[in-house]
């Protein structure tokens, strides 16, 4: 094995060339299929790149703009590395000639916007790196030509808005990294076409609101990371809609409001065998003030048992009150039944209307007590469910 590696290194070294087809400051290797122009202090894209180049490394330069149809003479490119430059502008159709490109790295640049024509020509692209830029919005048509994309990295931008259908063409996407942005909410429909998505990383945003059906379309999801956001509570149905078997959830680092409602939600989540709360034992309370710093797993004994006892006492009181009212009503009815009729002087049998009215009144009172007490129990339970 070592001999094979040595032969490969020798072969690569022997193929180094600074021929007329290679830009000064670049190394052209492997029959000119690999062109390395990193750390060459270029301020613009080199013009002399071998036309049969498949991998072009332009990282760590000072390039600031990618003009339209720049790569017209290098149509065989499969990998294009442009990370750690000073790129702030990518013109429409800049990559329109790169029909074979599979990986594009634009990370660590100064890109603030991507136009609708950004993805033209990138139908074969499988990996797009856009981390550590200055993007604020993802447009609905920016990525519309990325039919083959499988990995999209948008980490550490300033993204606040994801327009509907931003990911509509990405039916093959498997990994979406959106951590360390400025998202505040997740709306239903945002991820509607991502049925192949396996990893969704949303950690380190400002998310405080998650709509119930936002994760429902993610039929292949195995990892959902929402750690280090601004969630204080969650809805059980939000995660119940995830139907993938063996989905792992990461939720720590949020300012959880550790009331009994939240405790019940997590208890229900634990009962769903297809979901795994990997960091449940690290979830820390931020409110109420007397529970700040407590672990969520310890809240049940200190808060929720007392609440359960209170509800139980109210329930028992309601039942006793109802039974007493019914018993008293029954006794009165029996006493009045004995006095509730008489024979008239004419020999006719007559029922006392007053007795009937009183019985009806007692029945109404019992029904009133039943409905009123039931409402108290229902309201008490609803307030904590």
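Every residue, even glycine, has its Cβ placed from backbone N, Cα and C.
A TrEMBL annotation is a machine prediction, not a hand-curated record.
The transmembrane segment annotation in TrEMBL falls on one of the ranges 288-308, 309-329, 330-350, namely 309-329. Sorting the domain 'LRRCT' (254-305) by DSSP state (H, G, I as helix; E, B as strand; all else coil) yields 27 helix, 10 strand, 15 coil.
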